[in-house]
Amino acid sequence: MGSIYRSEHMKLCQIFFQSESAYQCVAELGELGMAQFIDLNEEQNSYQRKFVNEVRRCEEMDRKITFVEDEINKDLVPIPDYNDHIPAPQPKHMGEMEANLEKLEEELLQINKNTKTLKTNHIQLLEMKAVLEHVTSLMDHQSKREAAMSISEAARGEAGPFSVGLKQEFDKPVRDENELKFVTGVIKRAKSIAFERFLWRLSRAKVFAKFVQIQEKTDLFSHEYEDKCVFILFFSGEQLRSKVKKICDGFQAKCYTVPENPAERTKLLNSIKIQANDMKAVIEKTLDYRAKCIHTAAGNLRKWGIMLLKLKSIFHTLNMFSVDVTQKCLIAECWVPEADIAQVKNSLHMGTIHSGSSVPAILNEMETEKYPPTYFKLNKFTQGFQNIVDAYGIASYREVNPAPWTIISFPFLFAVMFGDAGHGIIMLLAAAGFVVFEKKLISMKIKDEIFNTFFGGRYVVLLMGMFAIYTGFIYNDFYSKSINIFGSSWTNPYPKSLLEQMDKQGAESKTELSLTFPPEYAFDHGYGPYPFGVDPVWNLAINRLNFLNPMKMKTSILLGISQMAFGILLSLMNHIGNRSVVDIVFVFIPQCLFLGCIFVYLCLQVIMKWIFFYVKPAIIFGKLYPGSNCAPSLLIGLINMFMVKHRDPTFAFDINNGKGKFNTTLDTGAKYTYTDYDQCYLQQWYPNQSLVELILLLIAVVSVPVMLLVKPFYIRWRHSRGLPVDLGHGPEDEHGEFNFGDVMVHQAIHTIEFVLGCVSHTASYLRLWALSLAHAQLSDVLWTMVLRMSLKMGGWGGSAAVTIIFYFIFSILSVCILILMEGLSAFLHAIRLHWVEFQSKFYGGTGIQFEPFSFTKIIRVYEGLDQ
């Protein structure tokens, strides 16, 4: 856990492998997952590397596994996950893996080919069977007579739409029925009408067609039913036969030769029935055998995939190594966390033993000027918060990591915007469910991206729910309603008779009368303020928003400036870590002075106004404070500070000199007469306020050129003396050249960003107030428009509406709108406040992610659990 504050110390190591032990040593390092290898053969393409043939063989096996997986998916067979540990296969086992996969592929291909042929023949037999069963009815005497009449009419030119039915049957010449030829077959029913029309037009009505629908399914092994029908075509002469068969081919109609003799047809039908039954049995046995092969392959597919994945990744890593001139030694360079070098050496030792080699691998630590990658040791709790930081940018090497502070500040700022104890409880229960059943959910290996997003951030959501409950009690908001736990500090100062009289007047005038509680009389000063959070009486007050809005707005300013000030303090840790005195003296200190002289001063004013300025008259800082009408206006006071505007030193004049217009008595019993200024809330409220603010303003103004000018000229002075300089560009520094103009522009950008950012970022923190207001109002609207409406209903109908309809609607809308949508909005705004307002004060985010060679990571990507 110690390394979460700063990234681990990294070492560039050089490893010498003997060729015989290199594979096993890399496999052990893959199991450990603590070494990020550097490609030493970048100038070579993939075909020039040492292990290119092994990689090709792995790719060919990968293609075969993909083919087998496609066949399994075609049969809708589930592929179980493989959870046991699989050691990396030895190179000598590649031949056996290739042979097994090739045998399986050839077997499936042969089965598919034979099955396709058998199914085609079976369909043809069933179609032939249907033709033989229906051809007798199609070739009866009546059908032949109709065909002969139609063809003879066409021969005399009487066929067509205008001649049909104009003559009686006995008036038409009829050809000899024995001269007619016929063709039988099967065609799709959807094509039968177009097929008949095309024959009629092409042959000029000299072909007579009849169709009978096939009731039985001809493709017994297909899940889709295709409607087909048997056709018979009568025509005269052999010249039309070739044309008819070409038309059949064009419409994908299958023609079948049928004997004219009924006895022969019956004999052929019986023979075809036997053949069809025999072929059906053969197809079923073939499909059963294929199913066995598919199920066996499905059970081993993930195991084969992981074995091949490890094999291929090892050879891919070996291709990154350089080879010495003797071709007996491989040389690798890799980044390793300094604290884990002992584990890496142990893995190399185990790899040497398992390979049977007598020459151990040698690891040397190298001195280098290369920029190291960034690595933090994380656990399942801190991983979610580190992901939030990494989404902005990877921390520079040994830079202060914002994640530890984000663990607290992120869910807290979210809760400030989301503050509702009821909604926080729902969020907490959902996250707690993920945490309690996390082992079971991990073992299920759910690949849904949205689910994995919520599950990966379960501890973030858990803390968000906890803090939402906390801020909900601070705001005294529970589904937009307040809870009176400790008893209100406000009491009714009006007599009962007056209230009854006002109630009567309101009923007569049909208006709602309101009363104001004067704090001097209605507030119980002996009891004091409400012990925790907002007094519940404010939930009933008409001026509730007038009280809550200023409170939340000022609280947002206090939280925002506090977080920005903390970010500047964290930048000091970076400067100390970089041993940069110039950054400490001429950047950090001026930034603290600028922020403190203006914005921290504003925060102190807010706190002092809350503490000292009450509704009752008092002596504050040696001055008479007449009452709440003279409470200082902080916003206008800040504007007057920048404008250096003259202000009177007191709230009132003519104090106890006999000329005062007003009288007042303090709690101490002292009596005063005074005359207050017309705008007493704009006057000075502590001694020498104008002088103090002038000094603070001058310090803030002077700190800006100090931040802008000193550091660039100092860097220029160091470069002129040949000393190393930090250009502040992270890993690009080693390739960059010094240019004073670039340094000056870079520093000017940072200075302007800081100065303007202090103003804009302070205003940006007002989103804490705005979203809190929006969430509270939406919750109140939902309560008023849904639940309160149902509570007003009477009778059985009202009870049913409350228990079934409105509670259901209220629950659904609360979850969908107030928790999911509003929660997502608050989540995104909290991310914005951390990325821009907080991290910009100290976090560069220009580092390089440490990506070690790890089988665990590779397998999770293969299984679709990571990207």
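Counting begins at 1 with the first residue displayed.
Using N, Cα and C of the backbone, Cβ positions are placed for all residues, glycine too.
TrEMBL lists 94-121 with the feature coiled coil.
Panel annotation: around the transmembrane segment (412-437), residues 454-455, 458-459, 461-462, 464-475, 477-480, 555-556, 559, 563, 767-768, 771-772, 775-776, 779, 814-815, 818-819, 822-823, 826-827, 829-830, 833-834 of the same chain, lying at least six beyond its termini, place a Cβ under 8 Å from a Cβ of the stretch. Among the features that TrEMBL reports, transmembrane segment is placed at 412-437 (among others).
Feature annotation from TrEMBL assigns transmembrane segment to 457-475 (among others). Residues of the same chain lying 6 or more positions beyond the ends of the transmembrane segment (457-475) and with a Cβ under 8 Å from any Cβ of it are 380-381, 384-385, 387-388, 407, 410-412, 414-416, 418-432, 434-435, 438, 532-534, 548, 772, 776, 823, 827.
What TrEMBL records for 557-576 (among others) is transmembrane segment.
Long-range contacts of the transmembrane segment (588-612) within the same chain, counting only residues at least 6 positions beyond its ends with a Cβ under 8 Å from a Cβ of the stretch, are 554, 557-558, 561-562, 564-565, 568, 571-572, 575, 618, 620-621, 625, 631-632, 634, 637-638, 693, 696-697, 699-700, 703-704, 706-707, 754-755, 758, 762. Annotated transmembrane segment per TrEMBL: 588-612 (among others), in sequence order.
As annotated by TrEMBL, transmembrane segment applies to 624-644 (among others).
Tertiary neighbourhood of the transmembrane segment (691-710): same-chain residues 582, 586-587, 590-591, 593-594, 597-598, 601, 641-642, 644, 747-748, 750-751, 754-755, selected by CB-CB distance under 8 Å and a gap of 6+ residues from either end. What TrEMBL records for 691-710 (among others) is transmembrane segment.
Sequence annotations record features per position, and here TrEMBL assigns transmembrane segment to 796-820 (among others).
Long-range Cβ contacts of the transmembrane segment (624-644) within its own chain (Cβ-Cβ under 8 Å, at least 6 residues beyond either end) map to 602, 605-606, 609, 612-618, 650-652, 655, 662, 664, 672, 674, 676, 680-683, 685, 690, 693-694, 696-697.
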